[in-house]
Amino acid sequence: MSEAAKTLDGWYCLHDLRSIDWVSWKTLSSEEREQAIVEFLNIIEKWNKVAAEKQGSHAMYTIVGQKADIMFMLLRPTMEELNEIETELNKTTLAEYMIPAYSYVSVVELSNYLPADEDPYQNPQILARLYPELPTANHICFYPMDKRRQGNDNWYMLPMEERKKLMYSHGKIGRQYAGKVRQVITGSVGFDDYEWGVTLFADDVLQFKKLVYEMRFDEVSARYGEFGTFFVGNILPSEKVTSFLHV
């Protein structure tokens, strides 16, 4: 049996994507819509306080295309806290005019390829990646993925050393985009339908296409990668929520 890679796990993660029922939303009076928006912004302010205390992080983006209208990416120390956030949001007036489009549950994950004599949880750089402050980049790209396990293309039957070698080569491509694209990898084996979630942040949306396309030619992706639905969007700052929901 091949050796399983050890992982380092950080904050739990929820990608919550929703569509807005604009037709029903328009039936509310201006006052009712304003009250609903204020209620929603109060929840966002709670999230901001948690982030300021470094007990979690969040990102909010509008999604381009028909798959969804808005995405919340939420990071918290426990799965219970993610559930509480989701439930509180579902109880708002605004949620009555939102339709669940997609969700993904995972945990921030790093593969442990550090020297055996080093405690990764004492490494500030590792801690910053396990418990990240999500960036306020202009754009987001999220997609789930698996490692293929079919016939001769079975990732999980490869020896550990070969997997390390392949992942090192794969990572070299990603490092070429340092400063252009920030990546958050979350593990979801046993949590959701795929094995990993990949979230990319960039100020230049074209960098997503360049990075993903270049990685398609790397053996890890070309031979072993299987991908789910891609979601791409634009940042939605709190101060623009009112204009976004204005009808």
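Cβ coordinates are placed from backbone N, Cα and C, and glycine is handled just like the others.
For Arg129, Tyr143, Pro144, Met145, Asp146, Lys147, His170, Gln183, Ser221, the entry in Swiss-Prot reads Fe-coproporphyrin III binding site. Counting Cβ atoms from all protein chains shown, Tyr143 (active site) has 19 others lying within 10 Å of its own Cβ.
Reduced to three states, the DSSP call for Tyr143 (active site) is strand. Per Swiss-Prot, active site is recorded for Tyr143.
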Cβ atoms near Arg129 (Fe-coproporphyrin III binding site) (within 10 Å, other residues, all chains): 18
Cβ neighbours of Asp146 (Fe-coproporphyrin III binding site) where a neighbour is any other Cβ within 10 Å: 17
For Pro144 (Fe-coproporphyrin III binding site), the number of other Cβ atoms found within 10 Å of its own Cβ: 23
Neighbour count (Cβ, 10 Å) for Ser221 (Fe-coproporphyrin III binding site): 17
Spatially closest candidate among Arg129, His170, Ser221, the listed binding-site residues, to Tyr143 (active site) (Cα to Cα): Ser221
